[in-house]
């Protein structure tokens, strides 16, 4: 599980056409991202499903896990690798019961208590943040100290989320994270291949420092 979380792409639609959206995801997959999370907050269930089907064709071609944000029904409908849920979604234990033992269940956590609870209820990994300022998440920032405390309190992998950029990844050294989750840094990159390769290099340096 830990290796799959190294450079974790969360999709952002922005103003892209479907063709451009899928092209950017495909380029990111080809360039080395290790996991893709499809995040759609403002579309109908049918539209989300149709996008998920198309994205899964891409991720399957590169043998990269596809995680669905929030929607257990969409995860099951397209047979995605798993689902990621936030604080205000279904209880983790119920999600685990619904998706079964073989699906990946990721959970957002901002406190040690939430992280420990999520692990006890069946989570496979935690997303912790926002660590740095971001327009994607409007919640208060999570400190590097809290990130470290959560990572130390659980046995499942932890991913840093929120405002992650190539130039600030090294600040995560020593926090115990397994990887980084990025949206605009990849989706809006002018040269996605070069960006992903750069992210992979700096992330691997950051991870090496913990050994």
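Each Cβ is built from the backbone N, Cα and C atoms, and glycine gets one as well.
For 37, 38, 39, 40, 41, 69, 108, 137, the entry in Swiss-Prot reads 4-amino-2-methyl-5-(diphosphooxymethyl)pyrimidine binding site, with the evidence type sequence analysis. Annotated Mg(2+) binding site per Swiss-Prot: 70, 89, in sequence order, evidence recorded as sequence analysis.
Feature annotations (Swiss-Prot) mapped to structure.
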residue : record                                                         : Cβ contacts under 8 Å, 6 or more apart
37      : 4-amino-2-methyl-5-(diphosphooxymethyl)pyrimidine binding site : 8, 9, 10, 11, 66, 67, 68, 69, 84, 106, 181
38      : 4-amino-2-methyl-5-(diphosphooxymethyl)pyrimidine binding site : 11, 48, 51, 52, 55, 66, 67, 68, 69, 80
39      : 4-amino-2-methyl-5-(diphosphooxymethyl)pyrimidine binding site : 10, 11, 12, 69, 183
40      : 4-amino-2-methyl-5-(diphosphooxymethyl)pyrimidine binding site : 11, 13, 47, 48, 51, 69
41      : 4-amino-2-methyl-5-(diphosphooxymethyl)pyrimidine binding site : 69
70      : Mg(2+) binding site                                            : 83, 84, 85, 86, 89
108     : 4-amino-2-methyl-5-(diphosphooxymethyl)pyrimidine binding site : 84, 85, 86, 87, 126, 127, 128, 161
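Comparing the binding-site residues 69, 89 by how many other C-beta atoms lie within 10 angstroms of each C-beta, the top residue is 69.
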